[in-house]
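Enquirer: Mind having a look at this structure? Questions to follow.
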Amino acid sequence: MMPGQIPDPSVTTGSLPGLGPLTGLPSSALTVEELKYADIRNLGAMIAPLHFLEVKLGKRPQPVKSELDEEEERRKRRREKNKVAAARCRNKKKERTEFLQRESERLELMNAELKTQIEELKQERQQLILMLNRHRPTCIVRTDSVKTPESEGNPLLEQLEKK
């Protein structure tokens, strides 16, 4: 018999096989008054064979209501803390993403400005070379001592020209 089940009224001490009247006690149902005066030895002998039927004499200890409430309260607090932490994590991630997006846009603008500046400097260089080449025939300085940018072996200028 499982705890919480109602005992079968058809099962009595006299109907159990091999038990018969238990150690001198009558097979009829015992009253509280009769149990008070019964010999403890006889009572123990009567109760012991009933263990195979899973008869539970005591109540199973149930958790106290306040313990259940405390456990539920702890769960609620833990869930609330987790919810707050998750929101904080999402906000930090969102802020980080927005920061990286702004930084990316700023760097792209800077890159575009630098490319524009490179193009302007290339054009200015070409104009200066052209002016120098136009001026050379009229210049009285010896051409042996002056090197023009075309004849110089400047690796930086060569790299810029290749681009």
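Along the chain as shown, residues are numbered 1 onward.
Just so it is clear, glycine is given a Cβ too, placed from its N, Cα and C backbone atoms.
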Enquirer: According to Swiss-Prot, SUMO2 cross-link sits on which of K65, K93, K122, K147?
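Expert: With Swiss-Prot as the source, SUMO2 cross-link is noted for K65.
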Enquirer: With an 8 Å cut-off on Cβ-Cβ distance and a minimum sequence separation of at least 6, pull the same-chain contacts of K65 (SUMO2 cross-link), or say none.
Expert: none
